[in-house]
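K.L.:
Input: one structure, supplied below.
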Ligand code: UGA
Ligand code: MN
């Protein structure tokens, strides 16, 4: 009887040992924290808890020029949706400072709340477009872009150089690839690239020969000195600071000419730096959001709650 029990014990022993070893391996793996991929937008926004792993190597990011994105925006049913899409993109870009300029007499509650929760460095400005300029056929967002430029110049005038930075005009309804920001980050003076879905064509682009811009592929007003959309160029902060009078002008300006009127104050076509593989890749799209159908919206508030949309 005793020997039977003993032989059973011997038979089971290796199996028990295997189970113990497997359980031990499993439990030693479990407590390892999930690794957050480094780079990209990680590390911005709220500081991470100090109990986490030691600070990652920040030096490469610290050396990056800041990208300042000036976004004019105005109140309409789709505004919060547009800003949400934009913030979701910008949040993934390292060292991006968002200058959001409301076309309004005062900061709105909606945008103020939005900025507070956006999770990226933001400056929230406002300036109303004078009523006489709020007409179809007239250029939009002139005053707002100028307010952004004035803020940028004021912020930097007392700081010692070098202040590596790049300025980009980011309308709130366009679509921006993350690669675009890598391209514009190396702007030395003024850089340019193609823009998709604009000018009545699938895309417009600067024509490049031997690394220099020599003309424009466009289907609309080819006589423009810089036949490029607002989304098609970036300017270094140094150029903005060394041309303190360069602004967007209302006087004499026609739709589609704002870009040319601004660019000719700060650069020449020969000087432009082609990006996006010699201007052969579309990394930004001039998308436009359809006007929403609110035909069934009640005249008076009917719901039992009030919701910000
Ligand atoms: C095109 C260009 O892409 C714009 O850069 C240019 O400002 C505009 O034409 C123009 O006509 O001036 P488009 O799509 O027609 O763009 O213009 P929107 O996207 O309606 O407006 C451009 C920016 O100005 C947007 O960020 C928009 O939110 C803002 N905006 C528009 C205002 O701040 N106030 C307005 O009354 C209208
Ligand atoms: Mn637009």
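Including glycine, each Cβ sits where the backbone N, Cα and C put it.
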K.L.:
For the region 'Disordered' entry in TrEMBL, name the matching range from 36-60, 61-85.
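P.N.:
Residues 36-60 are the ones TrEMBL records as region 'Disordered'.
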K.L.:
Given that TrEMBL annotates 72, 73, 74, 140, 145, 171, 172, 173, 286, 287, 288 as binding UDP-alpha-D-glucuronate, state which candidate in 103, 223 belongs to that site as well.
P.N.:
103
K.L.:
Since the record lists 171, 173, 204, 259 as recorded positions, which of them has the fewest other Cβ atoms within 10 Å of its Cβ?
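P.N.:
173, out of the recorded positions 171, 173, 204, 259, has the fewest neighbouring Cβ atoms within 10 Å.
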K.L.:
Report, as a single number, how many Cβ atoms besides its own are within 10 Å of the Cβ of residue 296 (site 'Interaction with galactose moiety of substrate glycoprotein').
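P.N.:
A 10 Å sphere around the Cβ of residue 296 (site 'Interaction with galactose moiety of substrate glycoprotein') contains 5 other Cβ atoms.
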K.L.:
Enumerate in sequence order the recorded positions 171, 278, 296 whose Cβ-atom distance to ligand 2 is under 6 angstroms.
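P.N.:
171, by Cβ distance under 6 Å.
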K.L.:
Suppose we screen the recorded positions 72, 74, 140, 171, 173, 296 by Cβ distance to ligand 1 with a cut-off under 6 Å; which survive, in sequence order?
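P.N.:
72, 74, 140, 171, 173, in sequence order.
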K.L.:
Using Cα coordinates, what distance in whole Å links residue 204 (site 'Interaction with galactose moiety of substrate glycoprotein') and residue 173 (UDP-alpha-D-glucuronate binding site)?
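P.N.:
Approximately 18 Å lies between the Cα of residue 204 (site 'Interaction with galactose moiety of substrate glycoprotein') and that of residue 173 (UDP-alpha-D-glucuronate binding site).
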K.L.:
Using a 10 Å cut-off, grab the number of neighbouring Cβ atoms around the Cβ of residue 287 (UDP-alpha-D-glucuronate binding site), all chains included.
P.N.:
16
